[in-house]
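All remarks here apply to the structure that follows.
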């Protein structure tokens, strides 16, 4: 089997698949969602954002999501800037 056939088959198998990522979902201003140790709140919030699941990460007391769509915004390295888009 030559390489071009192998590449074509691999491309067809991955076409239309959406990758997923994990992270802290954010609202305006790159601000994550505080959770106060409420896992149910975070799980609901994450699922509303099309994630597989979520929980309240006790170290930062912020919601953390598993399986967010690749297009979903997650917390970067910058500071929270409330009121900024």
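Backbone N, Cα and C define each Cβ position, glycine as well.
Keep in mind that this is a model prediction, so the values were computed, not measured.
Annotated features, as they stand in Swiss-Prot:
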type     : residues : note
SIGNAL   : 1-19     : signal peptide
DOMAIN   : 21-81    : domain 'LCN-type CS-alpha/beta'
DISULFID : 31-80    : disulfide bond
DISULFID : 35-56    : disulfide bond
DISULFID : 42-63    : disulfide bond
DISULFID : 46-65    : disulfide bond
MOD_RES  : 82       : proline amide
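The structure, with features from Swiss-Prot marked on it.
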residue : record         : DSSP (3 states)
31      : disulfide bond : strand
42      : disulfide bond : helix
56      : disulfide bond : strand
63      : disulfide bond : strand
80      : disulfide bond : coil
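Around the Cβ of residue 35 (disulfide bond), 21 further Cβ atoms fall within 10 Å across all displayed protein chains. Here the CA atom of residue 80 (disulfide bond) lies 19 Å from the CA atom of residue 46 (disulfide bond). Comparing the Cα of residue 42 (disulfide bond) with the Cα of every entry in 31, 56, 80, 82, these being the recorded positions, the smallest distance points to 56. Note on residue 63 (disulfide bond): other Cβ atoms within 10 Å of its Cβ, all shown chains, come to 27. Nearest neighbour of residue 82 (proline amide) by Cα distance, taken over the disulfide-bonded residues 31, 56, 63: 31.
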